[in-house]
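See below for the structure under consideration.
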Amino acid sequence: MFNPLWCYHCFVGVVMFLTFVGVIMVFSSSSITMLSSDKSPWSQGANQAMFCALGLLLCALGAHIQPRVYRGLSGILLIISWFVQLLTLTPIGVEINGNRGWINIGFTTVQPAEFMKLAVCIWMPLAVIIAKSRAADTRNNNSYAVPIIMLGICCALVMLGKDMGTTMIVLIIGVIALLLGGMPGKWFWSMVMLAVVASTALIIQSPNRLARVTAAYTKCGTATGFADTCYQSVHAKYALASGGFLGVGIGNSREKWNYLPEAHNDFIFAIIGEELGFVGTVMIVLLFVILGWCLLCVALQATDRYTAMVLMCIAVWILGQAMVNIMVVIGLLPVMGVPLPFVSAGGSSLVMCLGAAGVAMSMMRQQAQIATATDRLSS
């Protein structure tokens, strides 16, 4: 279980399997929605397969780029992510479900915040390593202000598009990187308090967000909540309950017949539960746990601090986002529009998750045992 080479191959296998399951489930869960929109029932699934191919190419490319290249380009990647995110506020920006987080590039729409997650995973470890080194030299912790301010800019840019769910994921990645980099406790708790105050203010000033939060914890048991803000959450639970232990079978979901909104996107876990049952949902959860475990095991044995921190940041991103998505589906969190990594429909999310997997593979290959085995396979 702690063998780095085993972890590497297991990580690759889990990523491939989750991606395969995602394509199959997107085909299954989107067919009725596509027919209702006068499109081919296969169109959404075909798009997912196309983005899967693109993501796998990016993954393969990313796996063969040396970590020193990522380290050298980390600042440029972060600035590019800012620029692309700002494009959502221009005329080519697209608003979907109240969030202005996409840009129209002609043949499809792209969600820049997904690229920002990866950029933060690559840049923040280097920034906090430099900050810790300067703090040790000067005996002054003010050096941590730079990565904190840059993280704040990232969150602010995403929040300008009213996407609180993605903002939360970016913030979690950054805060974990700061903790791993030795940020003083008083700075951490100050950030936590600021995040709580800011989140509360953002929820209160938005009627839609406030309605989702209050409905999730107070109104979902009432007739008013069922018919209004809780509709999506209630039908997600119906789907999970209908699946039983083994599910109703792939393609046989009832909730995908336009009862459950976003069945192929943020609520695909509910359709997995309905069609594959309790066994299917447990399998998905275990796969994410194994993925995170493999990243953590290699990170803890890495000799290079930057490599270890990038692996941990990617683990926090994938596991954290999966946890938030699943908790939303089962009703423990209010609806916030966070996709299930590798599985939910959405080209930007899938391509960037596979890109992150490629970066992780590159970092893992710095471990001597993995490097020897992979070099032997490629020769």
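Even glycines carry a Cβ here, placed using N, Cα and C.
Taken from TrEMBL, the feature transmembrane segment covers 7-28 (among others).
If you look up TrEMBL, you'll see 48-65 (among others) marked as transmembrane segment. With a cut-off of 8 Å between Cβ atoms, the residues of this chain six or more beyond the transmembrane segment (48-65) that come close are 15, 19, 22-23, 26-27, 345-347, 350-355, 357-359, 361-362, 365.
Under the heading transmembrane segment, TrEMBL lists 72-94 (among others). For the transmembrane segment (72-94), the list of distant contacts is 100-105, 109, 112-113, 115-116, 118-120, 122-123, 126, 150, 153-154, 157-158, 160-161: same-chain residues at least six beyond its ends, Cβ to Cβ under 8 Å.
Among the features that TrEMBL reports, transmembrane segment is placed at 114-131 (among others).
Look at TrEMBL and you will find 143-160 (among others) tagged as transmembrane segment.
Using a Cβ-Cβ cut-off under 8 Å and counting only residues 6 or more beyond its ends in the same chain, the transmembrane segment (166-182) has close neighbours at 101, 113-114, 116-117, 120-121, 124-125, 127-129, 131-132, 135, 144, 147-148, 151, 154-155, 158-159, 188, 191-192, 195, 199, 309, 312-313, 316-317, 320-321, 324, 336-338. Taken from TrEMBL, the feature transmembrane segment covers 166-182 (among others).
The transmembrane segment annotation in TrEMBL covers 187-204 (among others).
Note on the transmembrane segment (276-298): residues 1-2, 4, 7-8, 10-11, 14-15, 17-18, 21, 240, 243-248, 250, 269, 311-312, 314-315, 318-319, 322, 326, 341, 343, 360, 363-364, 367, 370 of its chain, located 6 or more positions outside it, place their CB under 8 angstroms from a CB of the stretch. What TrEMBL records for 276-298 (among others) is transmembrane segment.
For 310-336 (among others), the entry in TrEMBL reads transmembrane segment.
Positions annotated as transmembrane segment by TrEMBL: 342-361 (among others).
The largest share of C-beta pairs under 8 angstroms with the transmembrane segment (7-28) comes from 342-361, of the ranges 143-160, 187-204, 342-361.
Packing against the transmembrane segment (143-160) from elsewhere in the chain are residues 78, 81-82, 85-86, 88-89, 100-101, 113, 116, 120, 123-124, 127-128, 130-132, 134-135, 166-167, 170-171, 174-175, 177-178, 181, 183-184, 187, 191, 202: each is 6 or more residues past its ends and has a CB under 8 Å from a CB in it.
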